[in-house]
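Inspection log for the structure reproduced underneath, given as structure tokens.
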Amino acid sequence: MSRGRAALAGVTAAAVAIGVAEPVAVLTGPRSAPLIAVGGLVVDVVPEPLKQFAIAVFGTYDKIALLVGTAVLLAAIAALLGVLAARRLLLGLAGIAAFAALGMASALTRAGADALDALPSLVGGALGALTLWAFVAGPLRENAGPWTPPTTPRPETATPAQSGPAQPPASAPPAVAALARDEASAGWEPQEPAGDESRRRFLRGVGLLAGTAAVAGLGGHWLAGRRGVSAAREAVRLPTPVAPAPPVPAGADLSVNRLAPFVTPNREFYRIDTALVVPQVDPATWRLRIHGRVRRPLELSFDDLLARPMVERHITLACVSNEVGGDLIGNARWLGVPLRELLDEVEPEEGADQVVGRSVDGWTCGTPTAVLRDGRDALLAVGMNGEPLPVEHGFPVRMVVPGLYGYVSACKWVTELELTSFADFDAYWVPRGWSAQGPIKTQSRIDAPRRRDGLTAGPVTVAGVAWAQHRGIRRVEVRVDDGPWHEATLAPTVSVDTWVQWSWRWDATPGDHTLQVRATDAAGETQPEQRRPVAPDGATGWHTVPVKVG
Ligand SMILES: Nc1nc2c(c(=O)[nH]1)N[C@H]1C(S)=C(S)[C@@H](COP(=O)(O)O)O[C@H]1N2
Ligand SMILES: [Mo]
């Protein structure tokens, strides 16, 4: 078997393994599919700098990049396994078994996994191994005899000694000629078909099996998608809040071209999480357990939650991984139950200084109990901008806490609140090098003009947003080319928990210039010039934008 064929056989076997696992995963849940399960394990174990690199390079496409990367790596290894198998079949089969075991182990170690989650990798591995065997030693192997005895009658008078393959008429087209030759040789040498026949059978096998893998994979994926919760989400009727959101003041939106809108539409809201497949949580079976160091543990259904008085608030959510000038920030109108009220009911014990939010997928965040009870509008949210939470933003229920980065507070698909202490428990990102405490740092961003925008000399509107959630913004200043600072005009905003838009009229002169912005919070604290990276507790520095004026 040539190396090329052996490699192709290996890749086909891997494709079969991954493809047929998909329809099985329709039964056991998308997170048990081998590619997703292993990818999820990779997300949890890759070193933080690499993850940062992925976020920086691929932006929010890091997940697709991870899956494509995993697939490419897998194909390379599978090709190698094919070559290995051609020499010693057992080695190739052992390689496939090792991969199946990895897939099974990954699926079984995910949060909330049960024994059935091993099934997709098991079935995939078995059929992948069967495929490899078929190519290397089974019916699809090189020089294997035909599957069914040839029906072509032998040429009447021919004997192996005196007659070669029958010759087609000289005028026959090449395909017919090839066919004639094949049939003849099949008739003559059942154990040793000509190289052409063998190659054709090999390629037919590859095509058929790869096609089956693709159909099974895509079909399974599609079916799994139909089992999602979008219908359940559409059926949710959100209650009217007893405390509606204060209206957005006229003028909060400066409506400058390229400036982020005051309220971020759900479709444009940034998304950050460790979930390779969006958890599909059925509100009918959803439960929230509030437990741990409390005197009166509480369990709520979705209907219990909806029956409670709801408040609606604009709150600006920000990610700790947001670089200076970055867009991992958004402002929405959230509808939910105040977490303060729920905590009052369960009566936390003294010293239970941390509330751990736990998602259905096992992700955790740790929020200071004191912050949740200090009177701010920390919400157990069910609505976002007038709709049930979008599935990727945590449907049916998530946390939203003004003033804290998402990684310590904004648990999506939340199913548990556990009262504990910071001394006793580290949430997901803490052992990975991020600070246990994550108050949002004061920041400001220039949205208009953008980097290297071509501008014409004369008046130019410089505009952007600034935020210091739960403290509020007092002042925003802009400067050009390290010149004097100019105070920008602040648009009205809803509350200290939301960002604020600002603008400044610049009389631009021809040439290359640098615009810079800095904000001061309501306590009089100005954001520091010193640039610090996002880890461990949020970037600092002034957003700087080079522009060209013609
Ligand atoms: N279950 C779960 N919730 C999560 C996360 C996660 O990885 N899993 N990431 C958090 C982080 S880091 C941020 S910044 C916010 C982002 O919320 P969004 O995706 O709705 O913008 O969600 C938080 N909630
Ligand atoms: Mo984040």
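Including glycine, each Cβ sits where the backbone N, Cα and C put it.
If one looks beyond the transmembrane segment (64-83) by at least 6 residues along the same chain, the residues whose Cβ comes under 8 Å of a Cβ in the stretch are 3, 6-11, 13-15, 18, 35-36, 38-39, 42-43, 54, 57-58, 91-92, 95-96, 99, 132, 135, 276. For 64-83 (among others), the entry in TrEMBL reads transmembrane segment.
Per TrEMBL, transmembrane segment is recorded for 90-112 (among others). Within the chain, the transmembrane segment (90-112) has long-range Cβ neighbours (under 8 A, six or more residues past its boundaries) at 10, 13-14, 17, 21, 31-32, 34, 37-38, 40-41, 74, 77, 81-82, 84, 118, 120-122, 124-126, 128-129, 132-133, 136, 360-363.
The annotation transmembrane segment is assigned in TrEMBL to 118-136 (among others). Tertiary neighbourhood of the transmembrane segment (118-136): same-chain residues 1, 5-6, 9-10, 12-14, 16-22, 24-25, 27-28, 32-34, 37, 81-82, 85-86, 89, 92-93, 96-97, 99-104, 106-108, 202, 205, 209, selected by CB-CB distance under 8 Å and a gap of 6+ residues from either end.
Among the features that TrEMBL reports, region 'Disordered' is placed at 144-198 (among others).
The compositional bias 'Low complexity' feature in TrEMBL is assigned to 154-165.
What TrEMBL records for 206-224 (among others) is transmembrane segment.
Mean per-residue pLDDT, taken over the domain 'Oxidoreductase molybdopterin-binding' (277-429), amounts to 97. What TrEMBL lists as domain 'Oxidoreductase molybdopterin-binding' is 277-429.
Residues 48, 52, 320-326, 405, 433-435, 437-438, 440-446, 449-457, 460, 464, 468, 471-474, 496, 508-515 of the same chain lie 6 or more positions beyond the ends of the region 'Disordered' (521-550) yet place their CB under 8 Å from a CB of it. Marked as region 'Disordered' by TrEMBL: 521-550 (among others).
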Helix, strand and coil residues within the region 'Disordered' (521-550) as assigned by DSSP: 0 helix, 10 strand, 20 coil
Long-range Cβ neighbours of the transmembrane segment (206-224) (under 8 Å; 6 or more residues past either end): 8-9, 12, 15-16, 18-26, 30, 33, 131
